[in-house]
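Asker: Questions regarding the structure given below will be posed in turn.
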Amino acid sequence: MTRTLERIEFGETTAESSDDDLEEPSKMMTSITPFVLAFNNLTYNVNTSEEVTLSSMFRRKNTTGMSTFSNKKVLLNDISGEAREGEILAILGPSGSGKTTLIDALASRISKKSLKGSVKMNGENLEPGVLKMISAYVMQDDLLYPMLTVEETLMFSAEFRLPHTLSKSEKLARVQAVIDELGLRDAAKTIIGDEGHRGISGGERRRVSIGVDIIHDPILLFLDEPTSGLDSSCAFMVVKVLQRIARTGRIVIMSVHQPSSRLVGLLDQLIFLSHGETVYNGPSTNLSLFLSDFGHPIPENDERTEFMLDLYRELEGVPGGRKCIVEFNKSWQKLQSHPSYSSENFNLSLKEAVSARISRRKLIYNDANDTGPTVTVSNFANPFWSEMIVLMKRSLTNSKRKPSAILHQICAVVVVSSIMASLFWNLEKTEVGVQQRVGFFAFIVTTIFFGSTEVLAVFVQDRYIFMRETAYNAYRRSSFILYRSIIVIPRVLILSILLASITFWSIGLYGGSPSFLFYFSVIFVSMWAGDSFVSLVSGLVSQVILGYIVAVPSIGIFLLFSGFFISRDHIPTYWIWFHYISVVKYPYQAMLLNEFDNPNLCLLDDPNKSCMLTGVDIVRKQGITDLSKWICLWIILALGIFYGILFYLSLLFGSRNKRK
């Protein structure tokens, strides 16, 4: 019976659980078709705009030819090499040498239109879908939820990356295998931690980040400076774990800034870069011979990689020095004997090799009617509804261990509501009382939207985690958007009930219970729309401070055009469009209509007991006769949905992990 591959489940991997006793891993059994990633003549240029200065603005233009306003900067220049199964390929060099750029090129994170050269596995071009299925990219920053334990973090990753057809016990077994493989057994029940909560160490945190991305058993593992920010002992432990991972039949490609001698001893292949050019490419054991042949033998007691980095840094400062060592490397490589890894050496196609690898590691199959073993590339491991459930479960698990956040919000709402209630206590039915009610409605609506910005920091953090997890299809972007829209409802509901209950009765608003229910509905929908607006801002900016710079003035401008400071009839024609897109206009108008749109409401009597000022008169005076209160409520809801759609588009187009 023919079976079609759907997704991968790890096979069992044994490893020592103690960080203090990580033994040298043995080479795995030679596979029928080993995987080799070969890259040839990689070249990548970017346009850099010409710097505009005061002198350049008034400088005479060049009339002898066409002026250019951009220059090309070479980030990679004719880079070639190979990364083999069971080995670690380390890319070394100082800051700005092109290490991360080369990692991105190999991981298909650079547009094919911009990147020249070829990247092949087993002699075949890698399709983007296949690459995402068999690879993982570990970023330099550890983006993890602080209140989850190590085991929970890896379990949620397993629920995202492994198919829903696997039972929970099978996923848990996979998580336990990864914990042992990474040497995290002693820290399995410890929370990740942050500045305010003590958790695991920096080295353990880095290993958890690696575990999150290898939970689905990738053949290719890319790491951008995994030892950055760690002390020498933690860095050695991380690379020791990566060596074990490589020996279990994976290709590990990583960038390193300044490795120690102990760390270099764990690396198999080295590529030294200088301004995007290869200075050395070969086994770590041949580096001393290379330097000796170059005429710069390593002095006694000097560490080879440090000597190498110092040497070509000095050459970079000498005219023609860098070109000299680059050209020598090319000629030296031609003299070395390397095994040939051309396509004729592989007895299976790439898809057949991947299928064979998966079959050897206890794969999950489905029956199919077609013939012959084929690999079906599934963009996502789980259906839409399953992704949303896992996202909500993870968020609630992280939030319930940090109750201070919601408690602070509740306390803030109670305090602000109490101040407003005491200030506007039992307003009278007079013309002054009417003005005070109008001012109260404007203030409470403004408070609602300004209060929504306090969760901006959380939203920005979630955005970074979202970018990391969706880079290799852990879940759909649409799942994330809907989850974010739903998960805020319980918090908004609690805050809305408190704000409405404390202010409505104490201030003496009209209409009784029906009016209170509508008043509460306006507050609830407005808070939800405010969260959607803040989410949109978090999707457009990359820093919390920048988010406040965008969100706070925007809400202020919305208030300016809401109709409180200047009525709709007096707004200039060229600004009237902003009045209708103001998110503050509709809750403010809905509250006014809920309070005053009643012909039987008399606000001012004359001595003859005839009504001189009705609620309808106030509605006309405020110029809010264009919409009913229910239409305003539906528009607020529609604006919240509209901001959610814009948030989705901002993530769809603004969070792609590809360079142009």
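For all residues, glycine too, the Cβ spot is worked out from N, Cα and C.
TrEMBL does not curate its annotations; it predicts them automatically.
Relevant sequence annotations retrieved from TrEMBL are reproduced here:
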- 1-10: compositional bias 'Basic and acidic residues' (COMPBIAS)
- 52-300: domain 'ABC transporter' (DOMAIN)
- 1-25: region 'Disordered' (REGION)
- 405-427: transmembrane segment (TRANSMEM)
- 439-460: transmembrane segment (TRANSMEM)
- 481-510: transmembrane segment (TRANSMEM)
- 516-537: transmembrane segment (TRANSMEM)
- 544-566: transmembrane segment (TRANSMEM)
- 633-654: transmembrane segment (TRANSMEM)
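Structural setting of the listed features?
Answerer: As a whole-number mean, the pLDDT of the domain 'ABC transporter' (52-300) in this prediction is 84.
If one looks beyond the transmembrane segment (439-460) by at least 6 residues along the same chain, the residues whose Cβ comes under 8 Å of a Cβ in the stretch are 405, 409, 412-413, 416, 420, 424, 427, 499, 503, 507, 523, 526-527, 530-531, 533-535, 537-538, 541-544, 547-548, 551-552, 555, 558-559, 562, 564, 583-584, 587-588, 591-592, 595.
If you look at the transmembrane segment (516-537), the same-chain residues 6 or more away from its ends with a CB under 8 A from one of its CBs are 444-445, 448-449, 451-453, 455-456, 459, 484-485, 488-489, 492-493, 495-497, 499-501, 504-505, 509, 547, 550-551, 554, 583, 587, 590-591, 594, 629, 632-633, 636-637, 639-641, 643-644, 646-647, 650.
A Cβ distance under 8 Å defines the sequence-distant neighbours of the transmembrane segment (544-566), meaning residues of its chain 6+ beyond its ends; these are 438, 442, 445-446, 449-450, 453, 456-457, 459-460, 533-534, 537-538, 575, 578-579, 582-585, 588-589, 622-624.
Within its own chain, the transmembrane segment (633-654) has Cβ neighbours under 8 Å at 463, 466, 477-478, 480-481, 484-485, 518, 521-522, 525-526, 528-529, 531-533, 535-536, 539-540, 583, 586-587, 590, 627, counting only residues six or more beyond its boundaries.
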